[in-house]
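Engineer: Pasting a structure here, questions to come.
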Amino acid sequence: MNQKMSIVLPLPQLKPENNDDYENRVTLRLYIEKLLNQKVGRYLEIISGIASLATVGIYIVSTYFDQVEWLGTLDIVVCSLYLTEYSLKLFAAQHRLQYIFSDFAIIELLTVFPLLTIQSVGSWNYLQRLINISRILRVFRVVRMINKFQSLSDTEYGGVTRQIYVIFSTVTTIIIVTAGVLYAFELPKRQELIGKDPNRGCSNQIDRCNFHEMIYFTIVTLSTVGYGDVIPQSEEGRVCVIVLIIIVLVVIPKQMNELIRLMGLQSVYARSFYKPNHEIPHIIICGYVSVASLKNFCNELFHQDHGGQDKNAIILKPSIPNTEMEDFLHNERYEMFLIYLQGNPMIERDLRRAAVTQAKACVILTNKQIVDSHSADHKNILIGLLIKKYVNHLTGCNIRLCMQLIKPESKMHYKQSLGVKMITDQIIVVEEFKMNLLAKSCFCPGIIALLGNLVTSAGEQKESLDSEWLTQYTDGMGHEIYRTDLSFKFQGKTFSEVAAIVYNEFSGILFGLEFDVGRQAIIRLNPGVYTIPNTTKVHAYIICQDKKVADLVATYDMTTEEIANYHFSLSLQNTSDKDKPNEEEEDKAEDHLLLGKDQLDDQDIIEKDYLLLNEPVSLMDATSIFLLEQPEINNHIVVCGIHPSIYYFLLPLRAKYLKEIQYVVILAPEKPTEIWEYINRFPKVKFVQGSPLISEDLQRASIHCADKAVIFAQSADANKTESEDFLDQMHDAESIFIYKAIKKINPSVQIMIELVSSSNIQFLLDKDYKYQNDFKYELTPLQASGEVYISAMIDTLTCQAYYNPHIVTILQQILTGMRQSNPVIRAICENLDIKDSNLYQVPVPEDYLNKTFGELFNYLSIERHLIPLGLYRLAKAVDNKHPYVYTNPPAETTLTPRDKVFVLAHQLPADLSGIPFDVNFDPKQLNAKEVENNKALNFLLEKLKQQTSSQNGVNRVVKQKNDKTVIFQGQQIKQTRNIEAESMNLNSAALQVLDQVNEQISIVKDQINDIKSSLNQKEDEIVEKCRRAIRYELGTLT
């Protein structure tokens, strides 16, 4: 591939020559920093705060006594504690000079001052005054402890009340500190004046200084009353009053303005807060939270299959909810569990309002149709990094993120920004998943419906359905993927044997295992003949109706006592996991070998698993004006429009395990000049410039003989606001028009279309389609056949990732196989002889036609080591007019010749796949079958030229296999009385085909004349278009 697609791994950091000393210092600093950010650091701050509160109180009381001899000893003990805390923080600080000059570090250093003056005398000199000032400055330590650990300051107060508390705390601190500083300066001065007074203080002019008198004077000064009965006698005291007035004039009005601003807010959502409950977990939803995304996410989050509604969701958005959002928030189903907070997730104050430090996870959604996708990804990444840093700084723990990103390369940017702290996050890359899924649908039809059923909780269908196919489809919708343990009774059995037991006993499909190898989770689908040695470090993934069925697998064939012991050990494990800090999970990801190439498209992996040309193909060579001139391009895939991430669409279509490589024809109005450099090494890729909305352009792309067509949704306006969500329904207009245009030309072609709004699927249905009661897009034939991709599937998948952290990895392996594994994991699996599987679609073996699905499952799993996941039932399999997917059908389901089976297989047997695919296939050459077809077709064309020599310009006949038509100059002529396609065998008897075609020449002549006259009229236009195209290409070369 192009060098731009290869991933450059980060270079190792350079270290000093003395590596041992450097590593020891770094390790010790990181260890101390981790202790200070965890319970040890919090306990140290609490002890320091309590000691400060006690010593401040003792000092204030001691001012009313002549002399307290043990006060100095107490200062030494307390200041030693302060010095220890200051030294540890200074050593653990990443930027020590910055820490030294921070505000609170300076105050901490001033509170240590008495320890540095142990030899000071007890006379009232400036040194003793500074010691007294340092004693009163310990109030700041007390205030910091209260603000940090007192729950009232963060959760129980709303915005207004909390600001009142802040103002009260500030005023109280100013009064106490100012009174202490004034006392330190006024006491020796007044003693000096009393000593000079002849009456020795008995007159009314000068009184002995008291601490409460200084508090009185400070309050009178702050209130601007100024009675004048108490005045400072020292010069230092007067300076202190000046500084006090300046501070009050700056600090208090600023805080009062904030209080007025909060009181003036009209939105209740801007003042509200969330009070966490330790018994009910909560998650935070932020990012681009539209009503449509929130509906899909909450439908899955609060579904009964996930244990009911014992959780809360906090929505954190900067804007006030619109009318549609208000209606959803007051939905009786979610009203008690949804809390909307108006705030910015990048502001710490709003994160405190949402109680992010106690949240179980944070979900960051994105706008999936935005034009500037890179900016949207960068914003989500910054939000995620800030939240993780904030939580880690306050608690020392690591919050789990479920984050949506649009561009695949953004995932690498997030990993590099976050470092090793990645293991607990689930990243859903929208375009990579969408493109892989649409590509897989081209050679495995119905997979969109299959995966949609597995990630969406459907529950039981309450309404009675009037068709058998719809009953079967809805029954399959009730199955999901569950993670469970394996009973120790399965030890020593192969995976295929265990899968057969699970299906026969519990009607569940065991399709994958999770191994804990060296504290690294490795997931493999259908290991086949792999023998399970030990079930303690192995978890199973099962497709079944509910969690109860999955739990039965964990206790299979156990006695009552063994089941009790299992549940007891499970409860102990859950308790230990809950108390275990997250640093253990972070250690799992600290091995750079395991992280280096994980889920990245490394050049070596691409070359090994995918077909690539040795030399790139230029866009000019791949551009065609009329594909009809290239008869080898048939049964191909037409892509309507060019997508920035089309690379991830073409990649699965060029996997080496495929038995056939289809041509991909891109039909777009503009040439993909910039994107082409990423896809120019894929074989059999053509470009036709034109609009898929124009019938002539569709015919130039040979849509009439295409096998599949793919329609991407258009990108949305970057300036779209939340109040314009209703425009989503109009967003699919162009895609719907393209769908209609294709169906008009070729009704039999299968189209995969992406829709933004699920309700728009009704515009694609046949006119004779009848709704059941209310319209439900998930029960429509197009959805059941997997021909429609709804963007809401990403939101449902994000919620599933919250419950099952490995669901994204499982789906990626289903779509792309082992491409998502890095070389280290591959080596581990090869060493343990753990094979992986890909998803295929195969016909039902002839021996099992009219037999049951249970018999087929046992045959494929035990004898062929294949795991069936469901059926793809073609039209007329039962009472269906359209294909549909039957996920995990019951064992008694009768198989028909119209059925195909979704199977997981390491390598598909030749008798099930037909002609095996040659791995050494040369993309530059056609296979033997195509060559033979072309020879026969050329022979047929020469004969037709001789037969119709009088008709100049008509020299092309193309055969279409699917809809049994003959194409003359791109026009379709239905063969009602014409030849049958089955008798037209170009591979064996070209002469026989010629004889049959000659019989129809007389019928075709009249139509040829009409076509000829039409072409003559458009001749000048066609010539002009060709000239413009040639001039444009010559211009690009210069």
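Positions of Cβ are set from backbone N, Cα and C atoms, glycine also.
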Engineer: In TrEMBL, one of 462-489, 938-965, 994-1021 is tagged coiled coil. Which stretch would that be?
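Structural biologist: Here TrEMBL associates coiled coil with the stretch 994-1021.
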Engineer: Which stretch does TrEMBL mark as transmembrane segment, out of 100-120, 247-267, 499-519?
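Structural biologist: Among 100-120, 247-267, 499-519, the range TrEMBL annotates as transmembrane segment is 100-120.
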Engineer: Pick from 43-64, 637-658: which stretch is listed in TrEMBL under transmembrane segment?
Structural biologist: 43-64
Engineer: Going along the chain, which residues at least six beyond the ends of the transmembrane segment (43-64) come within the CB cut-off of under 8 Å?
Structural biologist: 36, 71, 74-75, 78, 81-82, 85, 111, 132, 135-136, 138-139, 141-142, 144-146, 148-149, 176, 180, 183, 187, 210-211
Engineer: DSSP says what for the domain 'RCK N-terminal' (634-777): how many helix, strand, coil residues?
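Structural biologist: Within the domain 'RCK N-terminal' (634-777) the tally stands at 54 helix, 26 strand, 64 coil.
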